[in-house]
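First the structure, in the form of structure tokens, and then the observations on it.
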Amino acid sequence: MAVDLLLGLQWGDEGKGKIVDVLTSKYDIIARFQGGPNAGHTLEFDGQKHVLHTIPSGIFHDDSINLVGNGVVIDPVIFKRELDNLAKHKIDYKSKLVISRKAHLILPTHRLLDAASEASKGKAKIGSTLKGIGPTYMDKTGRNGLRVGDLELEDWKDRYRALADKHEKMIAFYDVDVQYDLKELEKEFCTAVDTLKELTFIDSEEYLHQAMKSGKSILAEGAQGSLLDIDFGTYPFVTSSNTTAAGACTGLGVAPREIGEAFGIFKAYTTRVGSGPFPTELFDEVGERMGKVGNEFGATTGRKRRCGWLDLVALKYAVQVNGITQLIMMKGDVLSGFDTLKVCTAYKYKGKEITHLPFNIESGNIEPVYTEVKGWEEDLTKMTDASSLPKEFNEYVDFLEKELETPITIVSVGPDRKQTITR
């Protein structure tokens, strides 16, 4: 069987965790293919809220295997905290969680390097989550990294020491004030590694190949969003991995011909955490209202998200680079009560009106061109089927479908897995 993809189409925080949780019953394997603990997937069900950072969102379902792919970077300390939380909720994770031997490990010194690098940039900071993601991927591409499979070797601590010593020299080079107790951090790290070694390590590309041969259904779960992709995002305000569809192939060892459906997920408006360009950002009471009603705070950092109207220019771009076959719209309920909604359908750029994402969309270079759409008053959170949705809401969705030339097959009207409507 083919591998289906679930990809965020904006700057992350689209609601992928909830939708993976909703879709999981259709799949035998849920696989994460990139990113690390800089991502946060929030799931709500049975009156409880759960946040996952590295573990795939299918872990709460009994019949699915959850795979952490080679493209993921793992912080054993944060991973252990996730496992401890699952154990507290009596989730039997050991029987349904497998980890690629080729996944790279985030060391304590990676996090310190991240902090030192960000501090050295002054006003040019890019808004790093300070989780050590960038330095870990740098070691990966620089062929210096420590991988999960190395933990099975007798000399893994020697390999760790050599890399950590190199990092300490680099931290000193930045000449910034970063306070830390490395011995204490390493003690915590080694304890977490012991927990990690209790799990099943696999050669994930072979595992997935055999799964496909035997007819298993697989969903590849992306982290963050397409506009944060290292190549196709709003560089340099991006993450350190490929968050787009192609990243699933390299992050899991899956051939392009094996890709099936590509589900693209987006909010009915736009948000962004941290620094970087955001053409439709709102600085008025409308943006404040979106943030308050939508509870827009980062699941990983707790930072307040910037809010704005839906940007169809950027969204079309994301649909294009990912080859999206079906769209999923989240948080339609947040827009209830607005008389009029605005949607950015073009940019004014260098004196011209354009409908594509240019190389540089930094503030001042781009002016959004808006199309107005009639809003709706009804509270969507109590609605359970498509026939009950208000006319104006359906007109909004129809307008987006036409502009994006892609069907919107699912809409979310609340955080709980039950607040999901198939169209």
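Backbone N, Cα and C define each Cβ position, glycine as well.
Feature annotations, courtesy of Swiss-Prot:
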- Asp13: active site, proton acceptor (ACT_SITE)
- His41: active site, proton donor (ACT_SITE)
- 12-18, 40-42, Arg305, 331-333, 412-414: GTP binding site (BINDING)
- Asp13, Glu14, Gly15, Lys16, Asn38, Ala39, Gly40, His41, Thr129, Arg143, Gln224, Thr239, Arg303: IMP binding site (BINDING)
- Asp13, Gly40: Mg(2+) binding site (BINDING)
- Ala299, Thr300, Thr301, Gly302, Arg303, Lys304, Arg305: substrate binding site (BINDING)
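Overlay of Swiss-Prot annotations on the structure.
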| residue | record | DSSP class |
| --- | --- | --- |
| Gly12 | GTP binding site | coil |
| Gly40 | IMP binding site | coil |
| Thr129 | IMP binding site | coil |
| Gln224 | IMP binding site | coil |
| Gly302 | substrate binding site | coil |
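For the pair Thr129 (IMP binding site) and Gly302 (substrate binding site), the Cα-Cα distance reads 10 Å. Gly40 (IMP binding site) has its Cα within 10 Å of the Cα of these recorded positions: Gly12, Asp13, taken from Gly12, Asp13, Lys304, Gly332, Val413. Here the binding-site residues are Gly40, Gly302, and the one ringed by the most other CB atoms within 10 angstroms is Gly40. Of all the binding-site residues listed here (Gly12, Gly15, Gly332), the one with the fewest other CB atoms within 10 A of its own CB is Gly15. Looking only at the binding-site residues Gly15, Gly302, Arg305, the one with its C-alpha closest to Gln224 (IMP binding site) is Gly15. Note on proximity: of the recorded positions Asp13, Lys18, Asn38, Val413, the one nearest Arg305 (substrate binding site) is Asp13, by Cα distance. Distance between Cα atoms for Gly302 (substrate binding site) and Asn38 (IMP binding site): 11 Å, as a whole number. A Cα-Cα distance of 20 Å separates Arg303 (IMP binding site) from Lys18 (GTP binding site). DSSP assigns Gly332 (GTP binding site) to a helix.
Here the C-alpha separation of Val413 (GTP binding site) and Lys304 (substrate binding site) works out to 21 Å. Cβ crowding, taken as the number of other Cβ atoms within 10 Å, peaks at Lys18 among the binding-site residues Lys18, Arg303, Lys304, Arg305. The Cα of Asn38 (IMP binding site) lies closest to that of Asp13, out of the recorded positions Asp13, Lys304, Gly332.
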